[in-house]
Amino acid sequence: MVIENKIKISYREALKQGIREVLRNDDRVFLMGEDVGHYGGAFAVSKGLLQEFGEGRIMDVPLSESGFVGAGIGAAIAGMKPVVEIMTVNFSLLAMDQIVNNAATLSHMSGGQINVPVVIRMGCGIGRQLAAQHSHSWESFYAHIPGLIVLSAGTHEDARYLLPAAMKSPDPVIIFEYTSMLNMENEVLNNPAGVDISKAKIRREGKDISIITYGTGVYKSMEAAEELASMGIDAEVIDLRVLRPLDEATFLASVSKTHRALIVEDAWRSVSISSEISARISEKVFYELDAPVKRLCGIEVPIPYPAHLEDSSIPQKKDIVNEVQKILNP
Amino acid sequence: MIEFVMPSLGADMADGTLVEWLKKPGDQVKRGDIIATVETQKGLIDIEVFDEGTIEKLMIAEDTKVPVGTLMALINPEKTIEPQKAIPVVAEEPVIQPTEEKAIPPFVTEHIQVKASPLAKKIAAENNIDLSQIMGSGENGAITRKDIEGAIEQGKLVQEKERSSIVAEPIKEQNISNTLRSAVAAAMSRSNREIPHYFLEKKIDLEKALAWMHEKNKVLPVQKRLLPVALLIKAVASSLKQVPELNAIWDTDLQLKTEINIGFVVSLRNGGIIVPAIHAADLKSVDEIMENLNDIIPRARALRLRSSELSDSTVTITSIGDGGADLVYGIIYPPQVAIIGFGSISEQAFAENGLLGVRPMVRVSLAGDHRASDGLSGSRFLVTLNNHLQNPEAL
């Protein structure tokens, strides 16, 4: 459906369009991952791409994360532009040695002679009742590593445009995509200029409080902000989008304007992205704060299987609304 | 060697100025002796010593302002009560040093914690606003930007009012009442900020108590005659023995006090209040309490109290007195956990045993710290107080 310059598409379709664009634009680009070819992707993101681009560019790989991620890194060093799909972040631990010890370090260890322009996409977060081992939110593991660029696609726009922007990076990029959002439909602006992956994005402007979030927190925070607006509270919503290196200028300026901050994420609270944001706010704009920085994070348990417990293990819209009200009217 | 330090004469005292040493090196001191005069926000206070020995050294020069807890003198506990050996005064040159060099960290820092957001503090500093005077509306009573902006707005209004009316008062008097005012303000703001008060009230028939007092007064010389307030203080002290959780302080948790030292609110002529303590009121007779009041109230009004009288209270009584308001709801003096308020005694219609009579009644209020006790304790206290006042001869 086309409305002026916007199209309404699913998050899954937005991801596919991004992959198709980078495959079309550069012959050196290829997609590799478990079941990405004949099966069409574990989440049907790459369905039809094998037929469109052929086996040379859409490559099924064995169930061996360390092996195929290593192969992708090698191909990048050798001059190719691989897009490596790890089915979910849960399995990426097996490839972590390749990512942390090879992809992230080689540019530094070679004195800048060897670049690793690999892009690694991972499904992330709670799916739909997939239980603890398939529901992790581990953005913070990768955001900890110097040498990586870590992106989080919290909106359809970013699902569509982060990958083309990432392909221009000479350094390894990790993109987190959110399994729970795949079927969600939303409008995407046709944006040939792409998005800026060095900047956080202010998704909604406001003056009373800064809600700082990423990934699945973005839409929940936007909906909460709409409800808060009906109560006369004007919330600003910041989508961090780039988790490493953090665009702190954007959220620090926002907090300096609103004087209050709430950080929202599905991931566990301890040693998380939200801890980092909170620390930087205290370090750099302490004297602008009019209330303690608050966080809404995932409950620190392995994610439960039953749907109602799964829902209550992560912050929901109503939690955000409640917390903001408490901060503004204690 | 015993260290004698600047005492804290209440939660609101941060420092004091040594006005005069009343002892010199070589002088023997014993518990209760007055060693120095110190000027605080509450006037000139005679500072007592609580140890025995000989003054070894005076560490602070007169007219020096030092924080609470600063070392002021050294007392040698060995050299006591040997009058035959004359102490060589010459060898005991007083060593008086400026306090800055003797920077001993105060071990009792009782300053008022003001909770305010960093932004609020910044704006307050820019506008010369005293945070201790502001009620916070933020989390746990923290002061926020909104509160400061409100205070700035109010300050402008007050300034305009002051400009329109000419105030001509002696400067010195104004100074004393200003510092006293700000001490009261700080203590009461802290109380309102930190203490969740609950309030109870009971009407008490004083007929028996006053009749007993009049009988007693008939045989007493004029200067020893009793006033109702002495009776009320004694009854409160006796009741506190039965409800000890109100005779306590709150310092992160409830700390019961064994001594019952009743702080009695004395109003000053130029405004402000001062609260001297009546020590061990439960152990004193009504006559002794009256004697104590006759001594302490004029000294309080002259701002000449002893340090122990200012700092030792474990509970407070505020009494409106003759012809005043019917009832007073007190604000607790931190870190205490209760204040008892007596309205003025007046004749009221009173029903008892199906008959109506006219009785001298007093309305008694209790404000309790809800962190420390509950309404049930408070109610028990008021009932006990009533029982005591119905049996005055047993007091």
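These residue numbers are counts, starting from 1, taken along the chain as shown.
Glycine residues also receive a Cβ, built from the backbone N, Cα and C atoms like all the rest.
What TrEMBL records for B:1-76 is domain 'Lipoyl-binding'.
What TrEMBL records for B:115-152 is domain 'Peripheral subunit-binding (PSBD)'. Packing against the domain 'Peripheral subunit-binding (PSBD)' (B:115-152) from elsewhere in the chain are residues 182, 185-186, 189-190, 192-194: each is 6 or more residues past its ends and has a CB under 8 Å from a CB in it.
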If you run through the domain 'Lipoyl-binding' (B:1-76) with DSSP, how many residues end up as helix, strand and coil? 0 helix, 43 strand, 33 coil
Report the DSSP secondary-structure composition of the domain 'Peripheral subunit-binding (PSBD)' (B:115-152) as helix, strand and coil residue counts. 23 helix, 2 strand, 13 coil
